[in-house]
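The structure appears right after this line, and notes come after that.
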Amino acid sequence: MYHETRGVANTKVLKVHSQQPSDGFTTDVIDGIQNPPLISDIIKPITRCMTVFGIYYWRKKTGIHNSADADASTGPSRCAPLSSTIIYNIIVVLALCFGLFRLLVSMIKGGASTEILLFQMLSFSWEFLCAVNGLICLKSSTNRFGHLHVFYKHWQEKVTTDFRELKIQYNNKKLRRAFLITFTITWMVIALNIVVIGILIFAPLGEVSDAFGLLFTSPFPNSTPLIAVGFIFHFYKTCAWILPAPLVIISSLAIKYGFLALCDAMEREISLSKDRLTDRLRYFRKAHLNLCRCIEILDKDINILNANWYAVNVPLTCFVLYSLINFGQDIFSKAAFTFWLVTGLGYVAMTSFFAASLHETAHSLQEPLLEAETYDITPEKHAQLNLFFVKLNGPSIGFTVLTLITITKELMLT
């Protein structure tokens, strides 16, 4: 396929060919310059896992997880996962909600010791976090109620086109490395959580094992088959707890690297123009606006996830810390509570860090513009410069909490 460059006096037709490296990321290469890969390809391993555990809707007819991917891909998935149906998704969501109802009935019923009641409150907070995560992820993956398919389409049609026409080099290698590290850590945390809870339930650790066994069956009679069923559902809940985080982190990094590549390209052009504003300023501004639009689209779903993470993790962390201090005298129990404490705090800290870093990078294009000479600026460049600064100095660009507060480094410190 062929595309034309724009914004230059002599328009040149360049040949574009697609490459699909061994990691499965499809990308265009123009004269040795790599363009951004498809977002749907980047996060596909994560969405496949979410599909298997029922918190992501994967369309069975096309073999891909929504119709936007059909437009964004060259063909059907070569390694399609277990195709979910909406019935399977509904069953999983109902199971997540049933866990909440079961614990609520147990607490209302009363008669439990202080230790059991505390564990019930801890478990209720955690299962509420998992259930809301699952509902939001399932909603975001549907074409009718979600916005992920809009994000995929906008990235392919707008962002990759801007980068192709401006001939901007995108750091695909760095994004792949970040994805592999994040995906590996994700499954290490999931596996550790399953192992820890399995040992706490099935190993003879005294009061702590008895308490967690009751958590898996209450208000029903305590029995081994019910504990086994509860343990299986715990695997689903753990995935609903952890998997949304890498989805948000990798999406943040993909957009962040787009801003960085755009900033580097603009700095280079201004430098080659002897510190004067480039003639292609309008196209750089448009590319920046399209990247900002990616954040706006994603935030329609992510802002609710952020609110859930902030609101629930605070009481959850308090319950875990109190349990660590007052219960579980054996070393393994204390290690388990420490693991949950670190995971809960790290969960919020990491997602907030990448969101804050995205916010800072989105505003970083001010630096090359402020350093450029403007003594002989044309009226057209002056208008473009003013519009650029209006966006950069206007409302904060980034992910929010219920669209009310933008996640920044200042917010993290407070």
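Backbone N, Cα and C define each Cβ position, glycine as well.
As recorded in TrEMBL, the features of this protein are as follows:
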TRANSMEM  86-105  transmembrane segment
TRANSMEM  117-138  transmembrane segment
TRANSMEM  178-205  transmembrane segment
TRANSMEM  211-233  transmembrane segment
TRANSMEM  240-259  transmembrane segment
TRANSMEM  307-325  transmembrane segment
TRANSMEM  337-358  transmembrane segment
TRANSMEM  388-407  transmembrane segment
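Under 8 Å from some Cβ of the transmembrane segment (240-259) lie the Cβ atoms of residues 36, 39, 42-43, 46-47, 49-50, 53, 55, 96, 126, 129-131, 133-134, 136-137, 151, 155, 159, 163, 170-171, 174-175, 178-179, 182-183, 186, 189-190, 193, 288, 291, 294-295, 298, 302, 305, 347, 350-351, 354-355, 357-358, 361-362, 364-365, 399, all in the same chain and six or more residues away from its ends.
If you count C-beta pairs under 8 angstroms between the transmembrane segment (86-105) and each of 117-138, 178-205, 211-233, 337-358, 388-407, the highest count goes to 117-138. For the transmembrane segment (178-205), same-chain residues at least 6 beyond its ends with a Cβ under 8 Å from one of its own Cβ atoms are 42, 45-46, 212-213, 216, 227, 231, 234-235, 238-239, 242-243, 245-246, 249-250, 253, 330, 332-333, 336, 339-340, 343.
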